[in-house]
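**Q** Before we start, here is the structure in question, set down as structure tokens.
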Amino acid sequence: MTAVLIAIAALLGLAAVFGAVLGFASEKFKVEGDPIVDQIDDLLPQTQCGQCGHPGCRPYAEAIAEGEEHNRCPPGGQDTVDALTDLLGRDAMTVDDDGAEDADVTKVAYIREDECIGCTKCIQACPVDAIVGAAKLMHTVIVDECTGCDLCVEPCPVDCIDMLEVKPTLQTWGWNRPAGIGQRPDSRIEVVNL
Amino acid sequence: MLAKLFGGTHRKNRVYDFHGGVHPPENKQQSNGTAIQPGPLPARLILPLNMHIGAPAKPLVAPGDKVLKGQMIAEPVGAVSAAIHAPTSGTVSAIGPRPIQHPSGMDAICIVIDSDGEDRWVDHQGIADYTELSPGELVDTIRQAGIAGMGGAGFPTSIKVNLGDHQRVEQLIINAVECEPYITADDRLMRERAADIVAGIHILQYLLNPRRTLIGIEDNKPEAISAIKRACKGCDIEVRVVPTKYPSGGEKQLIQLLTGKEVASGQLPAQVGVVCQNVGTAFAIQRAVCHGEPLLSRITTLTGDAVAQPGNYETLLGTPVADLLQHGGVHSQQLGRLVMGGPMMGFTLHNPAVPVVKTTNCIIAASPQELPEPPPEQPCIRCGSCAEACPANLLPQQLYWHAKNDDLDKALHHNLMDCIECGACAYVCPSHIPLVQYYRYAKGEVRQRAADQVKADKARQRFEARQARIEQEQAEKEARRQARLEANRKKKEAGAAAPTGPSAEQAAALKQASLEASKAYKAAVKAAKTAEAQGDDNAADLKAEAERLKAVADKAKAAVRDAKADAPAVAAPADDAVASLKKQVGDASSAYKAAVKAAKDAEASGADDAGDLRARAEALKATADRLKAELRDAKANAPTTPAAPQTDPVAELKKQVGDASSAYKSAVKAAKEAEAQGADNAAELRAEADRLKAVADQLKADLRDAKANAPAPAKAAPAGKAPPADSPKVPESDAPQSVAGVDPEQAAKRQKRLKALKTAYNMAHKQYKDAHAALERAERHEELSADEFNAMQQKVDKLKGKADVARDALDALVEEAKADIRAHTGKDLKTLKLEAARAESALADKQQELAQRRDSAAEETLEALEAELKALETEAHIARKALKQAVEEQGLVEE
């Protein structure tokens, strides 16, 4: 009988000790915020364009974490969708970009400066503060900061904002992927061992 | 065996080995048999601002500038950059985009120099004893000379030789391996200029102070080896002969060969205590330091089956490849592929206008048989040959799979970035897979992704900063709003504490009065309209009555406005309220008086609507009475004279009149309604109304009598101050006469003229405007010939002139009219207006006084006051009339 009591007491004691340890750990190593949202946000392209229907990338990341479909980011393209699929372990999806042909073309806004009337509407629309200017003064886009989100084009009352394709420079140029099996890789120099 | 024993005993001089490597056909004998020849002096040199790795140099010259050989034409920007010098004398003809030495075939900014053929040097001199200079000054000399790594990468040498004091250099390695097929530039350089090279190495030794200095040379260059060995005799430079194997000349591979040290992934050679310099760089340093000659030319191997005279040419930087090919005698029919660099690591040139730059060690003009079209890519058979060949110990086939599938993370995991793109794997691949292209592509993607990530992070930061800012702004706005609300609430509380209650009540009463007055006016208008519709002959009178009522209503509204304006003035709210109420009473009673007068006039002229008018007057009186009662109440509230009921027979009569007229009014209303509904009894009702009107008329007559009997102006008017009414009375009453004195015919004429002129001016102006608009339209569309345009312009001008003339005439006439008024009345229009206003206000004052005293003063005084009031009323009326008359007569009715 005493053996049983001892066993019970020992188990209760262990339970109390582990409970205390776990309780302490859950307080001490508490995870702030929602790490999955941060991970999703890191994968999104941060154009803040709102094409997903959310006011920015982070709100969309939060929505995805809550179960929204993860294929609504046209700027991120299929790569982002695939990365999210991997991260979330969800079913693979194709990006929902309404079949836009130039979806994978990087663009930046360009203000035709002599046509700008200085209304500041585009400045207010820019989600990343990439447009400088003041009321009744010409505005211009900081090209390096522009995410190409398109949001400034619509508010412009004089339609002086164009979305221009970013042409590759010597710094951003990269080799093309070889055409693949059965194709002659024209950039390869064949050194023949005679 | 002996050699091995020898190597074992001299372990220090041992040459190590690296993994992998291949033995492609060397093809060096085509070009290494002849001495270095001078290159061409082309008519035009193209110098890219970015011949090196790092920031492009900044041009110091402008198009049109004359430059001399050796003159700096672009300076380095930042640490990792190199200067550019004019390779020959001539004129800068352009600075702009030209095709450059890049596999993309893209253009970049270049300085273009048209040579004058004289090849005149700028003043320059070498340093006799560089050991007198500090290493820092020497580094600066190298930097100013624009020297960049001549082996192929083009890294600015000044960075590599300026490591700082904390970095101890164990070994200085001079790379003279030249492992790539075809290239013999370093070979010939060593054979012919070994002494200069060794002098350059001494300078490097002075700068870096290495423990050991090693020269690595492949064993396929015996002549170069012996030349260098000869030159190095007696100094601490060790010449190491390495076995021929590609890519022994790779920096990391050579370090491993000579020292056995491996440079870890992501590390620089300096981190293992090694600095590697190309033999050509050492030569260039010697030229710069000992002769003061900046880097202007380099030895470039021109080789390939399509070249008639293959060999090494000392080529000026910026020489277009086409010029060099011509110089070397290229058979253009035989030319298949043009390669810049070696066949393993070089790239195909598609444009021979590309210039030779600091890193161009070889140009291969190959025949189609020599470097044929690559065969089609075949599937990987996983033979593993590539892994055996890889000098960087990578797994090329794994990298290939991942690069092909864009699986960049896995490719990175397999150390994609450590690939030196030597091409050994592709060379051994039996499936002819362009492995290096795959790796280059994957590396580009990785870099792109990293850049995108940086950009995304920046965008996120900016977005979040913006959100924070907007939130803060909103919070501030909200705080301000709350503060304002709080302030308003406090003010309200303070106001409630102060005696605003009664004032509010007064305001409400005033509003009510105003409402009633406007209601009366509306009813009157309606009545007038009905009368008109029925063709009653009293319609005109009713209208007049309506006008008058309107005036009353307006006044009442003004009073309400005043009361509102006064309300916030907390200082004396009660007093103000009383005052405004008084004013209101005054207005109402004056309206009443006017109505009475009109009624009297009507009666006098025998109009049958006099009764009606009188009834209206009574209604007004009722309003006035009620207001008075309110005033009394207000006064009772205010600490002023107590109220006393007024018993005035006149008033009583008036009240009766009021009752009668209200009865009449309701009768009229009923009649109207009946009419509107088409009832049969409408006529009856109307008859009833007429009867009531008669009753009211009777009462009014009584009232008049009573008033006439009332005591006339008091001698002892207690309103001590002499009413200002008397003095303006005489001239003002004269006013209408004098205005009336204007010849009515003349006035009428002028009125007509004014009208006509106005119309004329308006038309002319409109025509001008239309014409002008048409002209502008035409101008915009440019659809007119010059003649037509001029004609139109003239027409527009003419019209404008016409409009101006009309305007002038109109102005003149208006001025004349105004002057006329002045002449006739002795006052100008403004004065007349002023006088009318003054009379009105005097009247209002008096009315107020009367109302005020009505409760307190003796009956006599009241009578006197009332008489005075009446006089004032008349005056005001006269003034108003005079003004109106004057204005109307002169046709100056406000537009």
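Positions of Cβ are set from backbone N, Cα and C atoms, glycine also.
As the structure is a computational prediction, the values presented were derived from the model and not from experiment.
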**Q** According to TrEMBL, B:CYS419, B:CYS422, B:CYS425 bind [4Fe-4S] cluster 2; so which of B:CYS383, B:CYS390 is the extra one listed there?
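**A** Record source TrEMBL; matching candidate: B:CYS390.
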**Q** With TrEMBL as the source, identify the stretch among B:35-62, B:539-566, B:595-622 annotated coiled coil.
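**A** It is B:539-566 that TrEMBL annotates as coiled coil.
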**Q** Of the candidates B:CYS362, B:CYS429, which does TrEMBL annotate as part of the [4Fe-4S] cluster 1 site that also includes B:CYS380, B:CYS383, B:CYS386?
**A** B:CYS429
**Q** Any idea which of B:90-143, B:630-683 is down as region 'Disordered' in TrEMBL?
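**A** Comparing B:90-143, B:630-683 with TrEMBL, region 'Disordered' matches B:630-683.
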**Q** Looking at B:295-337, B:467-509, which stretch does TrEMBL describe as region 'Disordered'?
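**A** The listed stretch tagged region 'Disordered' in TrEMBL is B:467-509.
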**Q** Setting B:CYS380, B:CYS383, B:CYS386, B:CYS429 aside, what same-chain residues sit with their Cβ within 8 Å of the center of the Cβ atoms that define the [4Fe-4S] cluster 1 site, listed in sequence order?
**A** B:ILE381, B:ARG382, B:GLY384, B:SER385, B:PRO396, B:GLN397, B:TYR400, B:CYS425, B:VAL428, B:PRO430, B:SER431, B:ILE433, B:LEU435
**Q** In this predicted model, what is the average pLDDT of the domain '4Fe-4S ferredoxin-type' (B:370-400)?
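**A** In the predicted model, the domain '4Fe-4S ferredoxin-type' (B:370-400) has a mean pLDDT of 93.
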**Q** Could you round the CA separation between B:CYS419 ([4Fe-4S] cluster 2 binding site) and B:CYS386 ([4Fe-4S] cluster 1 binding site) to a whole angstrom and send it over?
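**A** Rounded to a whole number, the Cα-Cα distance is 12 Å.
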**Q** What are the other residues, in sequence order, whose C-beta lies within 8 angstroms of the center of the C-beta atoms of B:CYS390, B:CYS419, B:CYS422, B:CYS425 at the [4Fe-4S] cluster 2 site?
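**A** For the [4Fe-4S] cluster 2 site, the extra neighbours are B:GLY20, B:CYS386, B:ALA389, B:PRO391, B:ALA392, B:LEU394, B:PRO396, B:ILE420, B:GLU421, B:GLY423, B:ALA424, B:LEU435, B:VAL436, B:TYR439.
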**Q** Out of the binding-site residues B:CYS390, B:CYS422, B:CYS425, give me the one sitting nearest to B:CYS383 ([4Fe-4S] cluster 1 binding site) by CA distance.
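**A** When the Cα distances are compared, B:CYS425 comes out closest.
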**Q** Cα-Cα, whole number of Å: B:CYS380 ([4Fe-4S] cluster 1 binding site) versus B:CYS425 ([4Fe-4S] cluster 2 binding site)?
**A** 12
**Q** How many Å lie between the Cα of B:CYS425 ([4Fe-4S] cluster 2 binding site) and the Cα of B:CYS386 ([4Fe-4S] cluster 1 binding site)?
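**A** About 4 Å separates the two Cα atoms.
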**Q** In the structure shown, which of the binding-site residues B:CYS383, B:CYS422, B:CYS425 has the fewest other Cβ atoms within 10 Å?
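**A** Checked B:CYS383, B:CYS422, B:CYS425; of these binding-site residues, fewest Cβ neighbours within 10 Å: B:CYS383.
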**Q** Just how many other Cβ atoms lie inside 10 Å of the Cβ on B:CYS390 ([4Fe-4S] cluster 2 binding site)?
**A** 25
**Q** Using a 10 angstroms cut-off on Cβ to Cβ distances, just flag whichever of B:CYS380, B:CYS386, B:CYS419 is the loneliest among these binding-site residues.
**A** B:CYS380
